[in-house]
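Working notes, beginning with the structure itself.
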Amino acid sequence: GLIFVWFPRILTMTHILLIKIIIRREKDRERAQSRSGNKGKAGSKDDGLTPEQRRERDAKALQEKAAKKAAQAAAGGNTAGGAGGSKNKK
(Lines of atoms letter the chains of each structure in order from A and count residues from 1; the text may use other names and numbers.)
(Lines give C-alpha, C1' and ligand atoms only; values in the text may rest on other atoms or scores of the structure.)
Protein backbone atom coordinates (compact mmCIF):
# COMPACT_ATOMS: atom_id res chain seq x y z
CA GLY A 1 0.00 0.00 0.00
CA LEU A 2 2.86 2.44 0.70
CA ILE A 3 4.24 2.10 -2.81
CA PHE A 4 1.02 3.40 -4.32
CA VAL A 5 0.82 6.20 -1.75
CA TRP A 6 4.38 7.44 -2.30
CA PHE A 7 4.57 6.95 -6.06
CA PRO A 8 2.25 9.85 -6.95
CA ARG A 9 4.17 12.16 -4.64
CA ILE A 10 7.51 11.22 -6.18
CA LEU A 11 6.05 11.57 -9.64
CA THR A 12 4.65 14.99 -8.77
CA MET A 13 7.99 16.17 -7.37
CA THR A 14 9.74 14.93 -10.50
CA HIS A 15 7.25 16.75 -12.69
CA ILE A 16 7.75 19.96 -10.74
CA LEU A 17 11.53 19.72 -11.13
CA LEU A 18 11.23 19.00 -14.85
CA ILE A 19 8.88 21.93 -15.35
CA LYS A 20 11.30 24.25 -13.52
CA ILE A 21 14.17 23.03 -15.68
CA ILE A 22 12.15 23.51 -18.86
CA ILE A 23 11.10 27.03 -17.86
CA ARG A 24 14.69 27.96 -17.01
CA ARG A 25 15.92 26.63 -20.36
CA GLU A 26 13.25 28.56 -22.24
CA LYS A 27 14.20 31.77 -20.43
CA ASP A 28 17.87 31.16 -21.20
CA ARG A 29 17.06 30.56 -24.87
CA GLU A 30 15.02 33.76 -25.05
CA ARG A 31 17.82 35.73 -23.41
CA ALA A 32 20.43 34.26 -25.75
CA GLN A 33 18.23 34.89 -28.75
CA SER A 34 17.73 38.52 -27.80
CA ARG A 35 21.49 38.96 -27.35
CA SER A 36 22.33 37.35 -30.68
CA GLY A 37 19.47 39.18 -32.36
CA ASN A 38 21.03 42.54 -31.54
CA LYS A 39 24.43 41.47 -32.86
CA GLY A 40 22.95 39.90 -35.97
CA LYS A 41 21.24 43.10 -37.01
CA ALA A 42 24.47 45.09 -37.01
CA GLY A 43 26.38 42.63 -39.17
CA SER A 44 23.55 41.11 -41.12
CA LYS A 45 23.53 40.60 -44.85
CA ASP A 46 20.73 43.15 -45.18
CA ASP A 47 23.24 46.00 -45.40
CA GLY A 48 22.46 46.51 -49.10
CA LEU A 49 25.87 45.33 -50.31
CA THR A 50 26.68 42.60 -52.74
CA PRO A 51 29.07 39.87 -51.60
CA GLU A 52 31.84 41.45 -53.69
CA GLN A 53 31.28 44.88 -52.13
CA ARG A 54 31.26 43.31 -48.69
CA ARG A 55 34.60 41.56 -49.41
CA GLU A 56 36.13 44.84 -50.61
CA ARG A 57 34.88 46.67 -47.50
CA ASP A 58 36.30 43.97 -45.21
CA ALA A 59 39.63 43.87 -47.04
CA LYS A 60 39.95 47.66 -46.78
CA ALA A 61 39.21 47.52 -43.05
CA LEU A 62 41.86 44.82 -42.56
CA GLN A 63 44.43 46.85 -44.52
CA GLU A 64 43.70 49.94 -42.42
CA LYS A 65 44.04 47.91 -39.23
CA ALA A 66 47.36 46.42 -40.38
CA ALA A 67 48.66 49.88 -41.36
CA LYS A 68 47.67 51.29 -37.96
CA LYS A 69 49.40 48.41 -36.17
CA ALA A 70 52.55 48.87 -38.27
CA ALA A 71 52.57 52.59 -37.52
CA GLN A 72 52.31 51.90 -33.79
CA ALA A 73 55.14 49.36 -33.99
CA ALA A 74 57.32 51.84 -35.90
CA ALA A 75 56.63 54.52 -33.29
CA GLY A 76 57.69 52.14 -30.53
CA GLY A 77 54.25 51.98 -29.01
CA ASN A 78 53.93 48.21 -29.19
CA THR A 79 52.10 47.55 -25.91
CA ALA A 80 50.13 44.60 -27.18
CA GLY A 81 52.20 42.23 -25.05
CA GLY A 82 54.10 40.54 -27.87
CA ALA A 83 57.76 41.18 -27.08
CA GLY A 84 57.09 43.14 -23.90
CA GLY A 85 55.55 40.17 -22.13
CA SER A 86 58.56 37.93 -22.71
CA LYS A 87 60.95 40.30 -20.89
CA ASN A 88 59.36 39.50 -17.55
CA LYS A 89 59.48 35.73 -18.02
CA LYS A 90 62.37 33.83 -16.45
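Each Cβ is built from the backbone N, Cα and C atoms, and glycine gets one as well.
Any TrEMBL annotation is an automated prediction that lacks curation.
From a predicted model like this one, the values you see are computed outputs, not experimental measurements.
Here TrEMBL flags 6-23 as transmembrane segment.
Annotation source TrEMBL lists domain 'Small EDRK-rich factor-like N-terminal' at 24-55.
Annotation source TrEMBL lists region 'Disordered' at 27-90.
Taken from TrEMBL, the feature compositional bias 'Basic and acidic residues' covers 43-67.
Annotation comment: TrEMBL describes 78-90 as compositional bias 'Gly residues'.
Under DSSP, the residues of the compositional bias 'Basic and acidic residues' (43-67) split into helix, strand and coil as follows: 17 helix, 0 strand, 8 coil. The average pLDDT for the domain 'Small EDRK-rich factor-like N-terminal' (24-55) in the predicted structure is 80.
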